[in-house]
Amino acid sequence: MSLAQEINRVVAPFEVISEFKPAGDQPAAIAELTERIKNGEKDVVLLGATGTGKSATTAWLIEQVQRPTLVMVQNKTLAAQLANEFRELLPNNAVEYFVSYYDYYQPEAYVAQTDTFIEKDSSVNEEVERLRHSATNALLTRRDVIVVATVSCIYGLGTPEEYIAGMVTLRKGAEMNRDDLLRKFVSMQYARNDMDFHRGTFRVRGDTVEIIPMYEELAIRIEFFGDEIENIHTLHPLTGEVIRDEEEMYVFPASHYVAGPERMSRAIKRIEDELAERLQVLESQNKLVEAQRLRMRTTYDLEMMQQMGFCNGIENYSSHIDGRARGTAPHCLLDYFPDDFLLVIDESHVTVPQIGAMYEGDMSRKRNLVDFGFRLPSAMDNRPLKWDEFQERVGQTVYLSATPGKYELGKSDGFVQQIIRPTGLIDPEVVVKPTKGQIDDLLGEIKTRTAKNERVLVTTLTKRMAEDLTDYLLGHGVKVEYLHSDVDTLRRVELLRELRMGVFDVLVGINLLREGLDLPEVSLVSILDADKEGFLRSSTSLIQTIGRAARNVSGQVHMYADRITDSMAHAIDETNRRRAIQVAYNTEHGIDPQPLRKKIADITDQLAKEDADTRELLAASGKTRGKGKGASTVRADGLAAAPAEDLVGLIEQLTEQMHAAAGELQFELAARLRDEVGELKKELRQMQAAGHA
């Protein structure tokens, strides 16, 4: 992107730092992927069996090709997990997280059958919004960037050109009028607030200006001497302690949707022209109610834009503000990447169809809004990318999946295989059994497994059958739980943890194939009605379900069926193919499969331990836990010089925030706060040991 060239991008190498080295199939997969990417192949598929370390292979691939990378995943939870893995593997590089910043989102819609208009309603997660800004900031200021994103990255975002044009460059010794800088900050949608200093605001104290950019947790202090910038510092917003001195810094706008006065006035003129044209069409069709409704709503929005520079739902006028022709694609995160970026699509069998489906789902809702006079036709240009537009914007692509779809297999010239697990574990043995007497057979298998302290997953086709089976097993003394759609997210995490710990032995569910579900204690997966063709018994679903038993040395899968369907045959053949390769490799290299030792802990455990430790430490400091003051999240960096009282207060505040984040299921934020609390407590203990607290 040409405008980004005026920013001095930091160029640092991608470097994987890990105690582990590539093992099993990983070295060969990394070498082949690297060769094919460097040879210019546009589409490459990595067929990686469950548990073979596809994420680590991706990190080593990025290290080899040294290119900015976008990793697309199917949902926010997996995006957070993957971002954390990459941060551990590439600690010196920028690993960013870009997902929808809505905790709750109800788009505006009109239901013609009942004449019901539903207003837009949403709640924005400020921490996720910061991470989105952090991603675009990183992409424009450095090359060593990995962005882990959901399909949110193909939805409209302000133009990178306007984002850069709205940026201000601060350089030590440069001439700059203080008042001009304040006006510039306001035009960038930062608010002056001398009392409540938080992200997205600035404050002024004489010749000193301080600002917290939208994408930062630390503040920037600019000290003037007349019309010259005398000093620039990065400082802690809570304690005011200077972290480091700076020579040059960029401050980007507080919103991705920035438009200068000239661009806004041109947009208003274009909106007025479209309104007049659309009213003519509606009136000619005798749609007088719709015409009046459109006139009132659009005129109100125009008045807001003229007076305030923005209006609610301004994104519906994005094509006019961007100056785009009707029907052309919106700008999105992909436009912030340099031309040579690499795209990695994780779990491509799910994510690729998801990308293609976004446009039609959005259009069906907006057509009603336009037809009934709630929006101008140009509102339909505020949309996700179409599939062909997405393809035009991406270059070389790596598809990752244990079960690649027909699309990606058709695009690539053969696939790269990653079948061998570093632990030597092999794919489970698949046994097909008749449906007659299946429940009694299942009960016998459960007793065999539980006697060896192993766990069992059972997957059924219907909610009714799952409930009846759970009741039947309970009646026969089996410790069993039922996982269904009514169980909330936090309880699901707890159920899986309790299964691993042995609180119960059997988990019954309808769709237990969830990609990324790690349960090493599970040695048997039983699939009831395996011969009933459909989504839950497709070859892809069956292979994913079989993978849930691949974490155990003695893993087995029992399919109960009276005939072998095409889906079953494909799933069994593929599993046996992988199993044969794995057994041959282990025999040749003298490898004895090792059980996967995955720590039984989740964020709820860690928070409880952290809380007990905090109470003990604060008691030793002569303090008691009080209510936190809800201060905005801050980093623990550079607090060595802070008094003990400040540290105690900060620990209390961050602990409150940690529990609030966990309660709202924001586990990534809770984990980060837990780590910051740990660092602060380490410093407080050192002060206590030295007799300063």
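Note that Cβ sites are derived from N, Cα and C of the backbone, with glycine treated the same way.
As recorded in Swiss-Prot, the features of this protein are as follows:
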type: BINDING; residues: G48, A49, T50, G51, T52, G53, K54, S55; note: ATP binding site
type: DOMAIN; residues: 35-188; note: domain 'Helicase ATP-binding'
type: DOMAIN; residues: 438-604; note: domain 'Helicase C-terminal'
type: DOMAIN; residues: 648-683; note: domain 'UVR'
type: MOTIF; residues: 101-124; note: motif 'Beta-hairpin'
The motif 'Beta-hairpin' (101-124) - residue tally per DSSP class, helix then strand then coil: 3 helix, 15 strand, 6 coil
Residue with minimal Cβ packing [other Cβ atoms within 10 Å] among the binding-site residues T50, T52: T50
Beyond the site residues G48, A49, T50, G51, T52, G53, K54, S55: chain residues whose C-beta lies within 8 Å of the centroid, for ATP: T57, A402, Q418, R421
Binding-site residues listed as G48, G53, least Cβ neighbours within 10 Å: G53
Averaged pLDDT, computed only over the residues in the motif 'Beta-hairpin' (101-124): 77
Cβ-Cβ distance under 8 Å to K54 (ATP binding site), same chain, at least six residues away: L46, G48, D346, L400, Q418
DSSP residue counts for the domain 'UVR' (648-683), split into helix, strand and coil: 33 helix, 0 strand, 3 coil
Other CB atoms, at most 10 A from the CB of G51 (ATP binding site): 18
Neighbour count (Cβ, 10 Å) for S55 (ATP binding site): 18
Neighbour count (Cβ, 10 Å) for A49 (ATP binding site): 28
